[in-house]
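J.: Handing you a structure now.
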Amino acid sequence: MDSIPNLPLFFSMFLILYLIAYFIVFRGWSPKVRPEASSCFISLFHGTPAVFLATFAIFSDQNRGFSSPNTKTQNLVLDYSIAYFLTDLLHYLVFYPSDILFIAHHLATLFVFITCRHLVFHGSFAILSLLILAEVTSFCQNVWTLATVRRQDNRLAAKVYTFLSPYFYAFYSVVRGIFGPFFMYRMGVFYMSGRADNVIPRCLWISWMFVVLTAIAVSILWISNLWVQFFKGKNSKLDKEL
């Protein structure tokens, strides 16, 4: 008897988790924030597990490199992430169809994962390393997001938001502002050398690099804006005290 393919299995899991979050876990929350909270809920089941799974998949491959073939474990992690992004994309299409930025982000991410997993069967070392960098901050980000949406009507959420914000901003800034660009540079140097052209077409790795560059640039703009708001709030509070 054939086993169920990984992708439909993982997609069903994330979809069920989303429905549990929406109809059970956050049923007492305002209808305006229940979809976003449910999105955070499934992200909690993707982000940190994906970091550990991707790390294991990378280091269990002795031939790992930017042009190395995907292993079965690496393909499993790619399927796991593809299923998550498909579920979250469905969430945006249903509840936030005008949020073009996030929809475009998810489509671009899916393009990279799917072409790596199902088209060229190479390059998962680079893609999973980027996944680790993208998701290592996800637990903090999801807790911060949940606290953000409830901080106006929940005292505990307000305290969590106030306490967590500077630490999350600093962590995110280091990962997306330093480690992300550094890894992208190494990735770009390797691919531009032509050593992967026989397994990953030039047009494809160029498109991967464009997606990565855009994602990092948007992330830096996003966190920079949060830092500006943070220091404005600090200065405003200081002015009131004075």
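Including glycine, each Cβ sits where the backbone N, Cα and C put it.
Pulled from TrEMBL, these are the listed features:
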- 32-235: domain 'TLC' (DOMAIN)
- 6-25: transmembrane segment (TRANSMEM)
- 37-58: transmembrane segment (TRANSMEM)
- 78-95: transmembrane segment (TRANSMEM)
- 102-120: transmembrane segment (TRANSMEM)
- 126-147: transmembrane segment (TRANSMEM)
- 167-185: transmembrane segment (TRANSMEM)
- 205-228: transmembrane segment (TRANSMEM)
J.: Express the predicted model's confidence over the domain 'TLC' (32-235) as a mean pLDDT, rounded to an integer.
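T.: Mean model confidence (pLDDT) across the domain 'TLC' (32-235) is 96.
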J.: Using a Cβ cut-off of under 8 Å, list the residues of the same chain at least 6 residues beyond the transmembrane segment (6-25) that approach it.
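T.: Residues 34-35, 37-39, 41-42, 45-46, 75-76, 79-80, 82-84, 86-88, 90-91 contact the transmembrane segment (6-25) from elsewhere in the chain.
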